[in-house]
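Chemist: Below: one structure in structure tokens.
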Amino acid sequence: MSKHRLTQNQQRRINANHHKKITRSKFEWQDDMLGEIQAGTIVTRHAKHADVEAENGEIIRCNLRRTLKNVVVGDHVSWRKGSQQLQGISGVIEAVYPRHNELSRPDYYDGIKVMASNIDQIIIISAVMPVLSLNIIDRYLVICENAGIPALIVLNKIDLLSEQERQHVQQQLAIYENIGYQTLCLSANTGENMDKLDRYLANGTSIFVGQSGVGKSSLINQLLPEVHAITGAISDISGLGQHTTTASRLYHLPQGGNLIDSPGIREFGLWHLTPEQITLGYCEFQTILGNCKFRDCKHNTDPGCAIKHAVEKGLINPIRFENYHRLIESRDETKSQRHFRT
């Protein structure tokens, strides 16, 4: 007799019930077993626990109070240390302080998922293999603009390019430099321009984002050799990288600054954003918006569109304009196909 394969929803219900059983049987801290409230920062988020860095640099694995539903790497928290370690846990997180900002992405089942918080800079990692996608870069930039977090575009694996190919890539990156974004070409393999990346990362907290296979783990191995992040090969079939990071982590860099490494994301969806928010994600549109003939202008075939007129005059790059409409269209298609919880 053949075995029936569980559907995604069935598997999720089984996992949820298993988690509830574990939670009910999990040790509960009593108040008299806990010390004074301290300040700390979340440096690793696990499924059921989180690692907190105390002000003295000590890393403590903690339970979360049941009232805390969404704790992420980068959060500043208040926590209390236990009188002893119990079941591998040494403390409990009591509360999360207000966030300066947060980086979120949509999840097909769980609505908006916050990935990290209190970020000073988003490092968008792209690569020349299998192909440099400006559409994906634009997708990330829309997220950065809506989150209000500065972005640095990093192109890895340039050692694979010929001199002619490098010149072509520089022309593509100039599209972003001309509208105020910083870009950097480097190679984690040869170390080319890694010193420049060090300088960009030296202040504040940065986060690496990018599709799997662009070399985020290889870059971390260069920046932090002692970490030995697992690197993955490119799939010969799909051309996509294999996921190599399983949990978001915050690292302290030797030259100063902090780095958050997040799991590889093959599709950073935008269907949680409105078309207006995607439009606001294009920084070069901002001085022109409001000048269209019609207030509900879709910036496509509408008569009197100021954005389209700016493209025709060479004030807005046509590749960016084309990608803008591709993002709007892909958002509408994806949202109509998925039951998305907001």
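Placement of Cβ uses the backbone N, Cα and C atoms for every residue, glycine included.
From a predicted model like this one, the values you see are computed outputs, not experimental measurements.
Swiss-Prot lists these features:
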- 100-268: domain 'CP-type G' (DOMAIN)
- Asn156, Lys157, Ile158, Asp159, Gly210, Gln211, Ser212, Gly213, Val214, Gly215, Lys216, Ser217, Ser218: GTP binding site (BINDING)
- Cys292, Cys297, His299, Cys305: Zn(2+) binding site (BINDING)
Chemist: Select the closest residue to His299 (Zn(2+) binding site) from the following binding-site residues, measuring between CA atoms: Asn156, Gly210, Ser212.
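Modeler: Comparing Cα positions, the candidate nearest His299 (Zn(2+) binding site) turns out to be Gly210.
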Chemist: I'm trying to understand the geometry here, so how far is the Cα atom of Lys216 (GTP binding site) from the Cα atom of Cys292 (Zn(2+) binding site), in Å to the nearest whole number?
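Modeler: Rounded to a whole number, the Cα-Cα distance is 41 Å.
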Chemist: If one looks at the chain holding Cys297 (Zn(2+) binding site), which residues at least 6 apart in sequence have a CB under 8 angstroms from its CB?
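Modeler: Long-range Cβ contacts: Gly304, Cys305, Ala306, Ile307.
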Chemist: Cβ within 8 Å of the Zn(2+) site centroid (Cys292, Cys297, His299, Cys305 excluded): which residues?
Modeler: Lys293, Phe294, Lys298, Asn300, Asp302, Gly304, Ala306, Ile307, Lys308
Chemist: Below 8 Å Cβ to Cβ and six or more residues apart, same chain only. Which residues does that give for Ile158 (GTP binding site)?
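Modeler: The list for Ile158 (GTP binding site) reads Val128, Arg166, Val169, Cys185, Leu186, Ser187, Glu192, given in order along the sequence.
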Chemist: Quick one: mean pLDDT on the domain 'CP-type G' (100-268)?
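Modeler: Average per-residue pLDDT within the domain 'CP-type G' (100-268): 84.
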Chemist: Check Ser218 (GTP binding site) against DSSP and tell me helix, strand or coil, would you?
Modeler: helix
Chemist: Tally every other Cβ atom lying within 10 Å of the Cβ atom of Lys216 (GTP binding site).
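Modeler: A count of 29.
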Chemist: To the nearest Å, how far is the Cα of Cys292 (Zn(2+) binding site) from the Cα of Gly210 (GTP binding site)?
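Modeler: Distance between the two Cα atoms comes out at 34 Å.
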Chemist: Cβ neighbours within 10 Å, counted over all protein chains: which one of the binding-site residues Asn156, Ser212, Ser218 has the most?
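Modeler: Most Cβ neighbours within 10 Å: Asn156.
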